[in-house]
There are 2 protein chains.
Amino acid sequence: MNYPNGKKSPARTSYTRNKPDFSNRGMTLEDDIAATNEYYRIANIANIHKKPTPIQIVDVHYPKRSAAVIKEAYFKQASTTDFNGVYRGRYVDFEAKETKNKTSFPLSNIHQHQIDHMKDCHQHGGICFLIVKFTVHDETYLFPAENLFSYWEGQLNGGRKSIPYLDIKEIGIVLDFHFQARVDYAKAIDKLYF
Amino acid sequence: MNYPNGKKSPARTSYTRNKPDFSNRGMTLEDDIAATNEYYRIANIANIHKKPTPIQIVDVHYPKRSAAVIKEAYFKQASTTDFNGVYRGRYVDFEAKETKNKTSFPLSNIHQHQIDHMKDCHQHGGICFLIVKFTVHDETYLFPAENLFSYWEGQLNGGRKSIPYLDIKEIGIVLDFHFQARVDYAKAIDKLYF
């Protein structure tokens with residue numbers, strides 16, 4: 001990728017990402033969702049994007065004849081979930097998490113503000129869910145926010161601090177790997193919400 | 001605002017923003033929309049957020065016992081519009097622009113990728129529009145994306161490079177200033193899309 005000023009982009013770091021190339025399996029869940037979103041966009045299925053990480057910028061330099069350089073900045077906590085967009089006229093909003101755990105998904109992966117945001121969007125008629133990948137089983141599920149809320153409340157009232165794997169398997173919808181739609185959540189939305 | 005590690009946040013710059021306080025008129029359009037979105041959220045009217053500016057991070061330091069510091073980063077061009085969210089079950093997506101021009105809104109304020117994004121979202125059933133503020137007239141309008149597309153195509157085919165103020169006044173919906181909903185676009189959406 002080149003910058004508007006013609007300079008080559010800086011070396012890739014773990015924070016940067018090239019365009020998904022639809023070829024490699026075994027990438028992170030986030031890579032797989034990025035590839036899926038790109039496919040959905042190109043195939044006219046949906047328009048879903050990951051929101052950029054919010055950054056608090058403190059100091060910017062403006063060198064002559066080259067791009068502005070941010071010299072001091074900090075990560076801010078997002079007030080929303082990571083992904084949103086539109087599918088079949090509906091607002092879609094979700095968070096994606098991987099766990100190495102075999103038997104349950106620890107609720108510590110989710111933050112209160114993400115629950116608040118999903119509750120709010122759900123109340124306004126949005127389709128909200130969690131995508132959970134159990135890396136050990138190599139299985140990925142769509143888990144509806146309505147169900148997530150119950151486990152969250154349970155935890156706040158002294159209940160268990162995780163969602164059992166078997167509950168996710170039973171309540172959620174397994175997302176099969178396809179060549180282009182690696183995490184084919186749109187099909188799961190069809191089943192659950194249309 | 002405090003960071004998770006308890007450090008005070010750095011001094012405000014033009015890139016940072018405190019919570020809107022619903023009090024001052026005469027702020028920028030973006031401030032007014034931020035205040036409106038906050039009011040919509042609190043009053044359970046809608047859930048609309050501004051997307052963070054995408055940043056390409058090159059170098060991050062991790063000092064002991066304090067927050068990670070981004071030492072080198074660059075602004076990236078967004079691939080979407082600035083605002084999206086959910087209102088009455090529908091996906092909402094818009095871009096906001098001010099102009100000092102009195103008689104027209106120059107299309108140079110809009111980029112091809114924003115048009116592409118709005119066309120795509122519109123095709124999927126989303127509600128897409130432009131919010132335009134004519135600062136000299138102190139008037140703000142919601143201008144539907146469907147109409148924007150026509151002017152955009154016209155320009156590409158050798159037509160005029162701006163939308164006349166009088167067309168925006170006639171086709172668009174004026175957004176009155178209210179104490180809390182400073183740019184009350186939800187009411188305009190009601191009129192146009194429900």
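For all residues, glycine too, the Cβ spot is worked out from N, Cα and C.
Site annotation (TrEMBL): Mg(2+) is bound by A:Thr80, A:Asp82, A:Glu95, and the candidate from A:Gln112, A:Gln114 recorded at this site is A:Gln114. Each residue contributes its Cα atom, and for A:Gln114 (Mg(2+) binding site) and A:Lys97 (site 'Transition state stabilizer') these two points are 12 Å apart. Annotated Mg(2+) site A:Thr80, A:Asp82, A:Glu95, A:Gln114; additional same-chain residues within 8 Å of its Cβ mean position, judged by their own Cβ, are A:Lys51, A:Ala78, A:Thr81, A:Phe83, A:Asp93, A:Phe94, A:His117, A:Met118. Taken residue by residue with DSSP, A:Thr80 (Mg(2+) binding site) is part of neither helix nor strand, so it is coil.
DSSP assigns A:Glu95 (Mg(2+) binding site) to a strand in the three-state reduction. In three-state terms derived from DSSP, A:Gln114 (Mg(2+) binding site) belongs to a helical segment.
You'll find the Cα of A:Asp82 (Mg(2+) binding site) roughly 10 Å from the Cα of A:Lys97 (site 'Transition state stabilizer').
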